[in-house]
Amino acid sequence: MADEIELKTAPADFRFPTTNQTRHCFTRYIEFHRCVAAKGDESNECERFAKYYRSLCPGEWIERWNEQRENGTFPGPL
């Protein structure tokens, strides 16, 4: 029998009560990068934030934000 894949998304967050999850996505992306900056790339503590933003954010946004971070033009607070 093949291995089962369990899909999960970010848990509900009272800061984002509406169905539009754009702000939730952006916040989780920032939380992940702040965590990595504070705890290092190898920290398992940051992995939950990575899972959250990856489940909420469209891949095109993540690619664009990563490019902007690399170029120093990311609009968010990191």
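Positions of Cβ are set from backbone N, Cα and C atoms, glycine also.
Automatic, uncurated: that is what TrEMBL annotation is.
Looking at the candidates Cys46, Cys57, TrEMBL gives Cys46 as the cysteine bonded to Cys35 by a disulfide.
The two recorded residues, Cys57 (disulfide bond) and Cys46 (disulfide bond), have Cα atoms 17 Å apart.
Neighbour count (other Cβ atoms within 10 Å of the Cβ, all protein chains): 20 for Cys57 (disulfide bond). Of all the Cβ atoms in the protein chains shown, 22 others lie within 10 Å of the Cβ of Cys25 (disulfide bond).
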